[in-house]
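Quick look at what TrEMBL annotates:
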- 380-402: transmembrane segment (TRANSMEM)
- 446-470: transmembrane segment (TRANSMEM)
- 476-501: transmembrane segment (TRANSMEM)
- 513-537: transmembrane segment (TRANSMEM)
- 549-572: transmembrane segment (TRANSMEM)
- 600-626: transmembrane segment (TRANSMEM)
- 632-660: transmembrane segment (TRANSMEM)
- 672-691: transmembrane segment (TRANSMEM)
- 703-732: transmembrane segment (TRANSMEM)
């Protein structure tokens, strides 16, 4: 069966239609198409016959868009485009090995120690980037990862459905990130040999007998198909992809067609047509290999550089199987698809074929299939937009600091007569109250400590990922690194919280340290535990196992808590922040504020500009999280993060200046809340994304979406609020240190 992809609604007379590249084989099912512009979560629908093109395979060169390739890449950074430098973290030729060499040089003594302790070691590789060489007819193991759907957000392990099983099922040992992602990597019965073709092979066949699905199994398979589940397999750690070829023709002119190749992660479990459900029971694997150059009289070695699949649905009667588990597929389009009736037992064959093709793409660039994006320019537009926002804010700040502040300070420092001193107005008037400790100083310092912890963790993760050390080939490495870094950054969070708590005249440092170590992590753990109970009820692989949950608790109380206490102890003992003016014993009366000084209005005004500087990147992050896409543009993300820090700091300074000019000295909590105002817009965008981009209708998937979104919004508010608070605190100390106070 071949499927096509089209998108409608483009401007002008241009229309798009695309086809899934197929192998010669049976297909009489209607052509299937997508209703939107190629998003994997779109619902399939029927399209006219003109949108379905030939099934003849047409070898294409590997789609490659990266610049500045070659082993000399790292020696000539300045000659490369900045996009190529920052977007090519492992798939640029030579870059992967340079990372390993750099680590080996910087940490040579430790590397030698590890090598000496490992008697079988012959080479040092960065984890996840060591190539595997295959000889002719060597087995290439096909493993299953999970089943995913953007409609339910509930991953399931491969054998939750009645697929054919090998004689012994072996699960791969997984890291923390893989477990949290719901990956359950397991072996499969597919027998694939390097550079060895297979026309048709039957799985789990005993004496030519087809597989019989019980009524319960048939109902489960039908339910998964209607929920748009995708199957994810890997070969040599390379995920399977479904190839989609997009053709554009203007005014119906078939001669002027432009072809664009895109790849969809995994393959669709099945499809529905006219209220009938069909299962993809035949998989046509297309594997590409790169032949390594060797010296004479040496056997050729091969490396897998691409893994595609063409799912097809072929009914039982059209497959001719023999006793040797071989089979014959019908020629042409004379076959009908394999229907699954959920009300009765169903008999079918699970079959597969293997086709090998040689490729010029080298091993280091093989991830380009999944990482090449057709809309990289939009990221540059996002960066330019963000830079414009920052310059706009910088202009406002320059006006305030250069003109207003200098004028204010000059007037305040004049000692002409006493009447000028008696007629003080503006921000100098509250100098005796501006550093008055706020209400609940322990909670404020604890939240800011958690914000520092988040800031350090996010900064290091994005920077390390930008260097290419957390590539998608190392599954779960990003999430594992983030979890451990958050634990170890507790010492910095505790130090900053302890010093601020002492500055705010706090005395119970032990209680403050415990609050810092448990307030934010406790909220996160509580929400995740409640959501995990619902996932457990659905028997999803996304549910965190009980031993993993115990391990996370041990990390929390065994690593993070002691480090927070350690940092809090030294922070509390350190000299508090030196405030330039003394605080009066009697608090000053605050005049009535205007409507635009309302806290919620301030949140709306302060949040729009930082959010505008990063909302385009937010779309791609949401697509990666909720639609099972890969996100790899960490160079752009690092730029956006720096711009976010600058914009949050600037808008926070502007807001606190206006507040002090209105003679309202209660800026501590207000500034923390207002600086995190962009989190409100993230919440609004998340609701918009849920309504317009996702097709989630059930209760539990909706609960999962909004539960995890609440955690994201809370974390983002802590992050931006902390950035804005410390920027405003430094600004307030600077301006009051510049004026003479009697």
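Every residue gets a Cβ built from N, Cα and C, even glycine.
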Does the structure show the transmembrane segment (600-626) and the transmembrane segment (380-402) touching, where I'm treating 3 or more Cβ pairs under 8 angstroms (sequence separation 6 or more) as a contact?
yes
Mind checking which residues reach the transmembrane segment (549-572)? Cβ under 8 Å, same chain, six or more beyond either end.
176, 449, 483-484, 486-488, 490-502, 509-510, 512-514, 516-518, 521, 525, 529, 532
Can you name the far-off residues of the same chain, 6+ from the ends of the transmembrane segment (632-660), with a Cβ under 8 Å from a Cβ of it?
82-83, 85-87, 89, 371, 373, 376, 379, 382-383, 386-387, 389-390, 393-394, 396-397, 400, 426-427, 430, 434, 458-459, 462-463, 465-466, 470-472, 597, 602, 605-606, 609-610, 613-614, 617, 620-621, 667, 670-671, 674-675, 678, 720, 723-725, 727-728, 731-732
How about the transmembrane segment (446-470) and the transmembrane segment (380-402): at least 3 CB pairs under 8 Å, pairs 6 or more apart in sequence, or not?
no
